[in-house]
């Protein structure tokens, strides 16, 4: 038995001995690994090795449990044990490792008692793979998955408590919008006044706020908002149709999981007992439902570790709230905060430039990333004459880099919106640069692949009316639209699924003419359902392709396009085999779950030797030796919507920080003085983000046709600060003609418009960037002016009603300039 002083020495020696396992980590990383108990906020900067920390943390929990973070000493510990451990901590000996582990273990965590949630399947897969390399097969029992995958696993066990079958189907975004379009049509709503995509957004936000259809409708009726009442009624019907089809959309997956945990004590208590340790990655990008899920799962032990970077919160448009990470310490009193500030990715110039930009944000916890890498190249800032010049510059730099020995895959081009990719693509094609776009048409979104997946979904869940409608006459079986509409009408009247109606077609006089064809179809599906329970998935899929006649249809058409479609149908077999390699308990429903939750980022193959093109949002979590950030101009990046809106502007700045910190060795940032986008040519100013980079980290080149420019742009107002690098004359490369300018408020930056249009329409009173107040539409900003005969078309981005195009003569009578 040890005395109190010896117990304290033992605890110190135990921690020091455990630390010996993690000497490859830096001091802050080790602190994060060893702080096992209670709530922990891990502020992990870009490139700071957070995945390594997560893996070692899980390994530490499984090997030592609470050993590194408790002051308990087992009663059986002797003085000899204390002496052994103190000696081991000072002089670790591999031959004594087993005894060290025995003395340091305190309730080691079972792998299934740890849940680690990431945001992409690729990240979850990497976590599992690295854990298995470190810990062996036991690591497979750790719940390492995305939010949606973890929730699907919970729902497959208990969703019947909410009135759904455990064989539920998952609707992707396109499926959900198709259901909403059908409801809009059935409700005789104007699809221009009530677009499906917009209504889907309202429904998603309501679900994130934990509001079911009836709750949302009651709230809208109380507010008396006619438009919202219509939307809420669509939501109620949408909810009903999904339930009838035994289907969930992406929001439902988390919403219904949270409902299960909240409404059923035994379900909540089961998972709170099960998960002793909860780890959440990318916490800065969680929405309200994800926050509720995380805190509920951790409610038993409160051993919750959230990993995130408030400077990389970029999904506000999806409902993510940075407040979750900013208020973590308020929710969990006594929470520990550890900052990972050493960057292992970028050179010092890239890192300092990125730090300088993000430092301008107010809503952040604050940290200063540093690196012991060398200075590296300065950030290359190029000003192009137009978008063609910009694209050719990017292609030329990549060709030069490739000639110097780099691989194509070492390069990435990032843009704010997909529409910017066109000119870059054309330049790559002209110059023979191989590339791949992340965010193009996904393999699983191709029509023929969705057709085959629809067959699999109906076989798994015949109540899936949406997928059933897709395949019932595909390939053509002589089951016409009139027959399908009649069957749908009967199903709606009787409150039954479409499958139930067509399976009993002979009962209904309206379906007698098509009964034989419907019987043949339902008989085929029923037989395939039987075979799905008897055959291995790959063999079953080949049987499905043969029996449905889909492959024969494509072979008979025999066009180049249809041969490609047939190859895609066959390629789906590769996905099935890939699923079987990784699935612990493979099943048809498991495969369909994996495909439904697949994201475009999961398709990125880092070994494919081609330049990668993607939006800045898609680049999150990736890194490349050479990165081009293009279109860094006011109105594009930051976008028009962010100008004058503090929260939106801070989000745009965080996005800039994310884009810049993707670069390991070289970072290029480009802008064009003139750019055609969406059919209109605009003269854009360089982005304020470029102006926030100090001159010592920047090297400029390019050309700009106009004027001396001296003032810094600060959220629409000029600042008298010393002009930073981006505003100063270039010291090398092309002459910039005196540097850059940001014009004072009210100064025109468009080409001059003829006096006739000005005098006739009062155009001289309005300029791009002016703030106006309209009697009907409220406050807005002028984003474009176009002379039209004796009048002019003025385009205004209003705060409340979006963008409007108005004839200036008429509009000027109803608005004033602010």
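Each residue, glycine too, has its Cβ placed from N, Cα and C.
The ATP binding site annotation in TrEMBL covers 44, 45, 46, 47, 48, 49, 50, 51. Long-range Cβ contacts of residue 49 (ATP binding site) within its own chain (separation 6+, distance under 8 Å): 25, 26, 29, 340, 342, 344.
If you look up TrEMBL, you'll see 697-720 marked as compositional bias 'Basic and acidic residues'.
Annotation comment: TrEMBL describes 23-347 as domain 'UvrD-like helicase ATP-binding'.
Across all of the domain 'UvrD-like helicase C-terminal' (348-621), the predicted model scores a mean pLDDT of 90. The domain 'UvrD-like helicase C-terminal' annotation in TrEMBL covers 348-621.
What TrEMBL records for 689-728 is region 'Disordered'.
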### Message
At a 10 Å cut-off from the C-beta of residue 51 (ATP binding site), count the other C-beta atoms across all protein chains.
### Response
17
### Task
Based on Cβ atoms within 10 Å, give me the single least packed residue among the binding-site residues 44, 46.
46
### Message
To see if you understand the setup: which same-chain residues, six or more apart in sequence, place their Cβ under 8 Å from that of residue 45 (ATP binding site)?
### Response
309, 311, 339, 340, 341, 343, 367, 369
### Task
Using the centroid of the Cβ atoms of 44, 45, 46, 47, 48, 49, 50, 51 as reference, list every other same-chain residue with Cβ within 8 Å of it (recorded ATP site), in sequence order.
53, 309, 340, 343, 344, 345
